[in-house]
Amino acid sequence: MDLAFPHVCLWTLLAFVLTWTVFYVNNRRKKVAKLPDAATEVRRDGDADVIIVGAGVGGSALAYALAKDGRRVHVIERDMREPVRMMGEFMQPGGRLLLSKLGLEDCLEGIDEQIATGLAVYKDGQKALVSFPEDNDFPYEPTGRAFYNGRFVQRLRQKASSLPTVQLEEGTVKSLIEEKGVIKGVTYKNSAGEETTAFAPLTVVCDGCYSNLRRSVNDNNAEVISYQVGYVSKNCQLEDPEKLKLIMSKPSFTMLYQISSTDVRCVMEIFPGNIPSISNGEMAVYLKNTMAPQVPPELRKIFLKGIDEGAQIKAMPTKRMEATLSEKQGVIVLGDAFNMRHPAIASGMMVVLSDILILRRLLQPLRNLSDANKVSEVIKSFYVIRKPMSATVNTLGNAFSQVLIASTDEAKEAMRQGCFDYLSSGGFRTSGMMALLGGMNPRPLSLIFHLCGITLSSIGQLLSPFPSPLGIWHSLRLFGAEGVSQMLSPAYAAAYRKSYMTATAL
């Protein structure tokens with residue numbers, strides 16, 4: 001009797017503990033199921049899979065690509081009218097290849113687009129005709145296209161909105177909706193002026209070089225390095241219209257190219273602090289008196305035609321901005337809102353199309369995008385894989401623009417002449433440089449090889465007809481400016497290959 005009572009108490013206590021444990025665990029599981037982690041998006045009926053802010057080249061192309069993969073895409077664009085821009089008017093051969101991989105090659109048709117087979121380069125009375133190479137390794141027609149940017153953008157918008165899972169809406173995005181470091185959607189004002197919200201597991205900021213949302217995602221700032229001043233000369237056609245005319249003028253380059261069967265774009269670079277006023281007519285006088293005399297005689301009439309006929313002259317800032325990865329989840333930045341380089345080689349659209357192809361392929365294995373952690377891993381991979389294309393184009397664009405700047409410095413002017421000589425020399429040097437400029441061979445090592453070649457050609461200018469102390473000094477300065485240790489040392493070369501060449505380019 002005395003032993004029975006303690007046994008009963010022990011068994012009763014054990015039963016109570018087991019019952020309480022089971023009850024607690026079950027309740028805990030229910031709470032976890034009801035209260036998901038902040039990184040997991042709670043889907044609402046009718047929500048899109050992806051919100052894209054901006055329906056320019058990048059936003060429209062991305063919307064089409066993701067919708068073809070079965071994603072529901074909500075695109076919010078500030079102004080659905082046809083854009084009027086003087087940038088984004090040339091698609092390199094490499095860009096056309098990427099456009100075709102996205103199934104959008106027909107958007108460059110039926111807009112009075114002009115075939116471009118290469119460049120006509122002018123310097124101090126010299127002229128060189130250089131073409132994009134017929135390269136068996138490049139699986140597409142080796143020609144570019146010049147066009148009105150607005151016509152191209154409208155075709156892309158039409159193509160994207162033709163898919164049933166794309167909602168293309170006019171509205172102004174005011175801010176991103178953020179919870180615990182995860183972007184959940186956007187607040188925007190629709191075309192009726194009503195402020196509303198939209199939610200999606202992934203938000204893509206693709207609102208261009210004047211992005212208002214970029215600072216909400218990262219602290220990247222764009223640097224204004226110069227201004228592109230341009231206008232259109234109408235009802236005229238260039239001699240040999242399939243060649244873009246690149247003039248090594250002062251203070252920097254001038255370009256003329258056919259953007260329709262009847263219209264020619266004239267554009268030149270001017271640096272801050274020396275920009276005449278457009279509104280009071282000073283710019284028109286500057287173009288006629290200072291720039292026109294530097295334009296070759298066979299092009300000068302067309303250059304002056306637009307000015308004499310009162311064409312609208314525009315000035316647009318040239319910006320440079322390195323790409324940085326945001327620490328916030330549920331969001332990615334693309335296009336000029338993400339990364340900008342000098343437009344001298346007209347490759348901005350090519351870079352964003354490459355980025356879209358990479359991002360699309362990385363997202364394809366994810367059945368849904370609700371897990372912000374998984375999407376963040378995709379974005380990190382995207383940032384690495386894009387390097388072969390973006391690093392090559394960014395470096396080339398910025399380096400080429402520096403070479404085109406006129407200077408009284410003997411070393412810099414030798415580099416300018418060396419670039420002209422290298423481009424016009426023919427053979428593998430010309431074909432290699434044109435393949436790089438055309439996005440047909442976006443390999444960093446090839447870029448290093450040809451930049452070294454231009455540098456050596458420039459040094460030859462300085463040391464000709466025989467070495468002098470001053471020439472040798474300028475040569476050493478030139479090598480130092482180009483970073484000889486980074487280019488030639490085995491350690492730097494190995495690090496470069498590891499960083500850029502191990503990733504698979506699309």
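The backbone N, Cα and C atoms fix where each Cβ goes, and this holds for glycine too.
For the FAD site that Swiss-Prot gives as Val57, Gly58, Glu77, Arg78, Arg85, Phe90, Val173, Asp336, Met349, the extra residue drawn from Arg157, Arg320, Arg361 is Arg157.
Taking a C-beta cut-off of under 8 angstroms and a sequence separation of 6 or more, Arg157 (FAD binding site) has the following same-chain neighbours: Ala55, Ser60, Glu77, Met80, Leu168. When Cβ-Cβ distances below 8 Å are used as the criterion, the transmembrane segment (47-67) is approached by residues 73-78, 80, 83, 88, 99, 102-104, 152-153, 156-157, 159-160, 163, 165-168, 173, 185-186, 198-208, 213, 334-337, 349, 352-353, 355-357, 359-360, 363, 368-369 of the same chain, each at least six residues removed from its ends.
In this entry, Val57, Gly58, Glu77, Arg78, Arg85, Phe90, Arg157, Val173, Asp336, Met349 make up the residues listed for FAD, with the farthest two CA atoms of the set 29 Å from each other.
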